[in-house]
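Chemist: So TrEMBL has the following annotated:
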- H263: active site, tele-AMP-histidine intermediate (ACT_SITE)
- Q47, Y237, L238, Q239, D240, Q241: ATP binding site (BINDING)
- 2-281: domain 'RNA 3'-terminal phosphate cyclase' (DOMAIN)
- 127-228: domain 'RNA 3'-terminal phosphate cyclase insert' (DOMAIN)
Amino acid sequence: MIRDFCDGQLEGAEIGSTEIMFTPEKIKGGVHTADTKTAGSVCLLMQVSMPCALFAACPSELRLKGGTNAEMAPQIDYTAMVFKPIVEKFGFTFNCDIKMRGYYPKGGGEVIIRMSPVKQLNPINLTDRGSVTKIYGRAFVAGVLPFKVAKDMAAAAVRCIRKEIRDLYVNIQPVQEPKDQAFGNGNGIIIIAETSTGCLFAGSSLGKRGVNADKVGIEAAEMLLANLRHGGAVDEYLQDQLIIFMALASGISRIKTGPVTLHTQTAIHFAEQLAKAKFTVKKSEDEEDASKDAYIIECQGIGMTNPNL
């Protein structure tokens, strides 16, 4: 898809290849389709194409097909409810239209991303976490799975969160995905915590054959609670997704995180190599973080400008 997006040349992009040669040309935007033909993640396709779309010559429409709620990748609900509002702070907007949900192993999901290019990205400062004001989410079943599974996931997650956070109403909606909007069978849950300063954190989990519903709900709840303990202003999964935008932005960006993940270290490494951006990672010196494992990731962005605008 990226090859077609920027009229590039691509060699060695086949299964079993150990080396890829990619030569991009001008990014042209327009309508592009990428179909994994499996439950390969549409969210990962979106991650790789979004920076290109921002610096394209005209608006883009990306038709992405595969898994929308799949393992080892963000669920589309995370992309829409956490990634989207935070990444838009860089000074752009995008539209995410979920046409069909798809699950492991069949895939069959489809999401349409529409966005316009920008002249330049603004830097961001996400260092003030504030206090948790809301906790909400959705527990879904699709296909042949009984609705009771959704209710059980939600109830178990609420019980788990209540043990630690007693003073907030936790609103997790059980959802039966409509037959015409979901392909195949699946179940899962996403829970989001929102803070007084607009920070968003999530915990999520997907059902697998033989794993009971309570366990899925508890796994998501525990992931959310762990992300609220470290004192960072972004969760462990948003960290690495923001790095490329920080590198391309104009000016200094700062984010406060919990322990820096290997994904984030890798993203920083390549952003420094390829974009020549400069990153520093330091332990947070705020008094309230003294007992916590919090870090400040700072980046002097390269101020990439769109030559087409």
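The backbone N, Cα and C atoms fix where each Cβ goes, glycine too.
If you look at the structure here, what lies around each of the features I listed?
Modeler: Residues near H263 (active site, tele-AMP-histidine intermediate) in space but far in sequence (CB under 8 A, at least 6 apart, same chain), listed by position: Q239, D240.
Long-range C-beta contacts of Q241 (ATP binding site), restricted to its own chain and to partners at least six residues apart, with a cutoff below 8 Å, comprise Q47, P74, F83, V87.
The average per-residue pLDDT of the prediction over the domain 'RNA 3'-terminal phosphate cyclase insert' (127-228) is 97, rounded to a whole number.
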Chemist: What is the biggest Cα to Cα gap, in Å, among Q47, Y237, L238, Q239, D240, Q241, the residues listed as binding ATP?
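Modeler: Greatest Cα-Cα span of the listed binding residues: 13 Å.
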Chemist: Within its own chain, what residues at least 6 apart in sequence put their Cβ under 8 Å from the Cβ of L238 (ATP binding site), listed in sequence order?
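Modeler: Sequence-distant Cβ neighbours: V82, F83, I86, L200.
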Chemist: In this structure, which of the binding-site residues Q47, Q239 has the fewest other Cβ atoms within 10 Å of its Cβ?
Modeler: Q47
